[in-house]
Amino acid sequence: MTNSSQVALLGLDRTEIAALVESAGEPAYRAQQLLEAVYRQRVDSIEQISTLPQQFRAGLAQKGVSIGLPAIEQRFVSQDGTVRYLIGFPDGQSVETVWMPEGDGGEAGDGSEAGDSASAAEPSLGRTGEDARPHTFWNAARGWDRATICISSQVGCAVDCQFCLTALLGVKRNLSAGEIVGQVCAVLKDQKVSPPEDRINLVFMGMGEPFLNYDNFMKAVRLLVQEVGVAESRMTVSTAGIVPRIHDFGEEPVRPKLAISLNASNDELRTRLMPLNRKWNLEKLLAAAGNFPLRHRERITFEYVLLNEVNDAPENAKEVAELLRRMRAKVNLIALNPGPGIDFSTPAAERVAAFQQVLIAAGIPTFVRRPRGRDIYAACGQLKRTVALATMPAP
Ligand code: SAH
C-alpha cells in the first residue's frame with residue numbers, strides 16, 4: 001500500500017482489514033470498528049468514523065484509504081414504487097441498481113414468497129400468489145413489507161442476448177467486489193433500511209453476467225452475508241448459462257440460489273436468441289443443472305422471456321416441460337419488456353397464461369413475473385444507463 005494508490009475499504013474482507021489495521025500499528029479490535037462503520041453504518045468518509053482516534057483516521061487518509069461508497073448519480077422513480085438508481089464509480093463508469101419494494105411477484109430470493117409453495121395442485125396461485133399472502137410484516141408507515149434490490153455485476157454485458165438492452169452496450173469492464181457490495185450499501189443508505197431488521201432480498205440480475213465476473217461476484221456474496229447481514233437464502237443469482245461456473249457455484253459453501261435464463265425450448269431457437277448457446281448448448285446446460293447440488297427444499301429457477309410468436313407457442317411450452325421433466329425446477333415467465341433497437345414484441349396476456357398452463361399441467365410450478373418499473377426503464381432487460389428518458393420512445 002503506497003501513498004499514491006487509492007485503497008477502498010468497501011470490498012475488503014475481515015482478513016484484509018485486519019492486515020491493514022496491523023500494518024498501521026493499531027490494536028486488533030479496530031478491525032471490527034472499521035467493518036461496522038463500512039458495512040453496517042455505511043459511512044461516506046473515514047472522517048465520520050468517530051470510534052477511531054483522530055490520528056488513525058488521518059493516517060488512513062494519508063495512505064490513500066477511502067470508504068469507496070459509490071455515488072448515486074441519478075434516481076428514477078416509477079409509478080409502482082420501483083426506483084432505478086444510476087450509480088457511478090471514480091473512473092467515470094456507471095451501472096444501474098434497482099430498488100423494488102414488495103418484491104416482483106416472481107423470484108424474490110427469500111424462499112418465503114408464494115412462488116415456493118405453489119404447485120400444480122394450486123394453479124390459481126400463479127401471479128397473484130404474492131398478493132394473497134398475509135402481510136405479517138407489513139410496514140404501514142413505509143407501505144412495503146419486504147424489498148428486493150437488483151444488483152449489477154459488470155458495466156455492460158458481453159453475452160449478446162438478442163432481446164436485452166444491456167447487450168447493446170457490450171461489456172466495458174468487470175465490477176470489483178467492492179463495487180458490487182457498494183451498490184447495495186448505497187441503496188440501503190438511501191432508503192434508510194438495514195438488514196436483517198428490514199427484509200431485504202438481493203438478486204444478481206442487473207447489468208452483466210455474474211458468472212463472467214465470478215470471483216468478484218462470489219467475494220461480494222460473502223461480504224454481503226458476513227458483513228452486511230443478508231442471509232444467503234435471500235439472494236438469487238441469474239446466469240445466462242456459463243456452464244463451467246455452474247459447476248463451481250455448486251461447490252461453494254455459501255451461495256445464493258441459482259436461476260438460469262433458459263429463454264428457448266430447443267437449441268435452434270436458443271442459439272438464435274442467445275448466441276452463447278453455440279458454446280454451451282441445452283444438453284450441456286441441463287446436465288449442469290441436473291447435477292447441481294440443491295439444498296433442502298431448494299429448486300432451480302428457470303427464467304423464460306416470452307417473445308411474441310417466437311418462443312411463446314404451446315408447443316414451446318411442451319418442449320420446456322420435456323426439458324425440465326426430471327429437474328427440481330420452477331419457471332419464471334417474463335413477458336418481453338420492450339426497448340428501442342429490440343426487434344421483438346410482447347405477447348398478449350392470454351398467450352402468457354396459456355404457456356403457463358401447459359407447464360403447470362406438466363407439474364412444474366410456473367409464475368409470471370409482474371414487470372416492475374417499465375415506465376422508467378428499470379424492468380428486466382431494460383438496464384442500459386438510460387439517462388435521457390425523453391429520447392426513448394414510451395415503453
Ligand atoms: N446475465 C444474467 C443476469 C441478468 S438477469 C442472465 O442472463 O441471467 C436478467 C433477466 O432478464 C434474464 O433472465 C434475461 O433473460 C431477462 N431479460 C433480458 N432482456 C429482457 C427483456 N427485454 N424483457 C424481459 N426480460 C428480459
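Numbering starts at 1 and runs along the chain as displayed.
Each Cβ is built from the backbone N, Cα and C atoms, and glycine gets one as well.
According to TrEMBL, the protein carries these features:
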- GLU96: active site, proton acceptor (ACT_SITE)
- CYS157, CYS161, CYS164: [4Fe-4S] cluster binding site (BINDING)
- GLY208, GLU209, SER238, SER261, LEU262, ASN263, ASN337: S-adenosyl-L-methionine binding site (BINDING)
- 143-375: domain 'Radical SAM core' (DOMAIN)
- 100-132: region 'Disordered' (REGION)
(request) Would you count the other C-beta atoms found within 10 angstroms of the C-beta of SER238 (S-adenosyl-L-methionine binding site) for me? (result) 24
(request) Compare the Cα of LEU262 (S-adenosyl-L-methionine binding site) against each of the recorded positions GLU96, CYS157, CYS161, CYS164 and report the nearest. (result) CYS161
(request) Write down the Cα-Cα distance for ASN263 (S-adenosyl-L-methionine binding site) and CYS161 ([4Fe-4S] cluster binding site), rounded and given in Å. (result) 10
(request) Would you mind giving the whole-number mean pLDDT across the domain 'Radical SAM core' (143-375)? (result) 96
(request) Starting from the [4Fe-4S] cluster site formed by CYS157, CYS161, CYS164, give every other residue of that chain whose CB sits within 8 Å of the mean position of their CB atoms, in sequence order. (result) VAL159, ASP160, PHE163, LEU165, THR166, ALA167, ALA240, GLY381
(request) Consider the binding-site residues GLY208, SER238, SER261, ASN337 and say which one has the Cα lying nearest the Cα of CYS164 ([4Fe-4S] cluster binding site). (result) ASN337
(message) Give me the long-range Cβ neighbours of the residue listed as 'active site, proton acceptor': same chain, 6+ apart, Cβ under 8 Å, in sequence order.
(response) ARG84, TYR85, LEU86, ILE87, SER152, GLY206, MET207, ALA378, LEU383, LYS384, ARG385
(request) Provide, as an integer number of angstrom, the distance between the C-alpha atoms of GLU209 (S-adenosyl-L-methionine binding site) and CYS157 ([4Fe-4S] cluster binding site). (result) 6
